[in-house]
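Asks: Have a look at this one before I ask anything.
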Amino acid sequence: MGLKAEVGCAMGKPVVVHPWNAPSISLTIIPRPHAYSAKAGWAGLVHNRKVFAIAIFASLGGLLYGYNQGVFSGVLDMTNFDNRMASAVDNTGTKGWLVSILELGAWVGTLVTGYLADKLGRKYTIVTAVAVFCVGVIVQTAAYQPSSIYGGRFITGLGVGSLSTVVPMYNAELAPPEVRGSLVALQQLAITFGIMISFWIDYGTNYIGGTGEGQSEAAWRIPLALQLVPALSLGIGILFMPFSPRWLVNQGRDEEALNVLVRVRSLPVDHELIQVEFLEIKAQCLFEKEISEIKYPQYQDGSFMSNFKLGLMDYASLISNRGLLYRLAIATLTMFFQQWTGVNAILYYAPSIFQALGLTGNTISLLATGVVGIAMFLATIPAVIWVDKLGRKPVLVSGAFVMAACHIIVAILIGTFHDSWSTHPSAAWAACAFVWIFAIGFGYSWGPCSWIVVAEIWPLSVRGKGMSIGASSNWMNNFIVGQVTPTMLAHIGFGTFVFFGAFTFVGGLFILFLVPETKGLTLEEMDDVFGSEGMAAADQERQNAIARRIGLESYLNGDVAHSGSHEKMTIEMKEP
């Protein structure tokens, strides 16, 4: 006989139907896409003009970060800059400080951003970081002594480090779930795009006044000053953007948060998607508050000292728990090996490296440097598209081995032809080609993928703290690499490439044997993999309890019909 059942389809999820008089039958129904659901992936970036504006906004932060990374390498080898800053440039130790002091500032900026983002809000923290960044750029652009370059780059670094943390945070919290991954991809593309255009701007301005002794100061002041364009666009543009709804909920400003979601999603306030997203944000904030109250009841008075101690205790838990310590080791060592691939040595000192490889003339070396930027940018495109299908380990391991091979081949070529490049131009160009292949290897692997691993291995209750330690490891090792590279190139020559090649190869082995594959794992499965069984399960149970308490579970289970957005399907089921 025929059995009929009406099934409510909520949130576009499969619904399992158990007929009341046929308990042995279960049928999974895949409903058609929700009429109001946002499009996913790249299409979602243009589905709503406000979401697309957020994507462009995120790209400004990435563009600024990438441009700053690449611009100084070309400036460092310009004739007029070298003449004016000779006391710093001619010494390999002080030359390293010219580059690496920015990373030291960025490390400090990253560490203080978490507190500022919670205290001032994501929006005003971005404004503050842009203001600090612009001060540093102005000091560098107007510099007449190396001391101004040192001070300006440290101040700029404070802004860069802060922006590299808070801009993705702001956009991730404002973006709908359907396009959050695409925003991350766009951010990484923007970073490599910024690196690429900085190299070519350096190449163009290098001709101002000629490339020799008559070169104008504008040749290096203009590319430095141009950093103000994306920075000011970011700082001014953020003032017209809404506050982060998550931050508003944390501040108890629920009605404002709901209004932000309504404006950004272009849906009515009583629409199911708006209500569910708001309740999910509310549930997450309650979850974090309850976890804090349970773990540290003595620090809940809201004072500055209590909040400071809460932060310290959360960081300490990363060491005291064995499973979290394992994750901390993976996060910090992954970022350690990312920097010791030597990628930023290539980015910062590319013109010097290409000159050492036999490319005569500053102009030719800058031209070769520009190809590095193009290669890295293009290689990032397939990475952000395919990494979720291929997995993290094969991408990282293959990238490491490709880069290590390039380092070793370049070292062999330098060791063989370093004193006879002029009579072996093909060897010189071969060495350049392998530097470009190295850039491709980094662009598709350790550039985007290391950040994915560091972001996804943490349970919810300590994710923010864990990611901040991973980011600080990245900047600190970036600082060290920038500091030691000029000395290494001057004193051990081709041994520099052997050194970085060895570290890159060990990094590949580290990923191959010690880092588990995290593609597609749930938080509970992460617990099993990293040896902290039960942590994510306990987190999930607490979240479920909160969802029941605030009414979120009713939406997710399809028990609430809201604004007519539930679809009804009548299905026909027959007994066997």
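Note: Cβ is positioned from N, Cα and C throughout, glycine not excepted.
Automatic prediction, not curation, is the source of TrEMBL annotations.
So TrEMBL lists these for the protein:
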| type | residues | note |
| --- | --- | --- |
| TRANSMEM | 51-76 | transmembrane segment |
| DOMAIN | 54-519 | domain 'Major facilitator superfamily (MFS) profile' |
| TRANSMEM | 96-117 | transmembrane segment |
| TRANSMEM | 124-144 | transmembrane segment |
| TRANSMEM | 150-170 | transmembrane segment |
| TRANSMEM | 182-201 | transmembrane segment |
| TRANSMEM | 221-243 | transmembrane segment |
| TRANSMEM | 324-351 | transmembrane segment |
| TRANSMEM | 363-387 | transmembrane segment |
| TRANSMEM | 394-415 | transmembrane segment |
| TRANSMEM | 427-454 | transmembrane segment |
| TRANSMEM | 498-516 | transmembrane segment |
Asks: Is it true that the transmembrane segment (96-117) and the transmembrane segment (150-170) have 3 or more Cβ pairs under 8 Å, skipping pairs fewer than 6 apart in sequence?
Replies: yes
Asks: Let me spell it out: take the transmembrane segment (363-387), skip the flanking residues so only those 6+ beyond its ends count, and list any with a Cβ under 8 Å from a Cβ in it.
Replies: 70, 73-74, 77, 184-185, 188-189, 192-193, 195-200, 202-203, 206-207, 211, 346-347, 350-352, 354-355, 395, 432, 435-437, 439-445, 447-449, 452
Asks: If you count every Cβ pair below 8 Å, which range out of 124-144, 324-351, 427-454, 498-516 shares the most with the transmembrane segment (182-201)?
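Replies: Between the stretches 124-144, 324-351, 427-454, 498-516, 427-454 has the largest tally.
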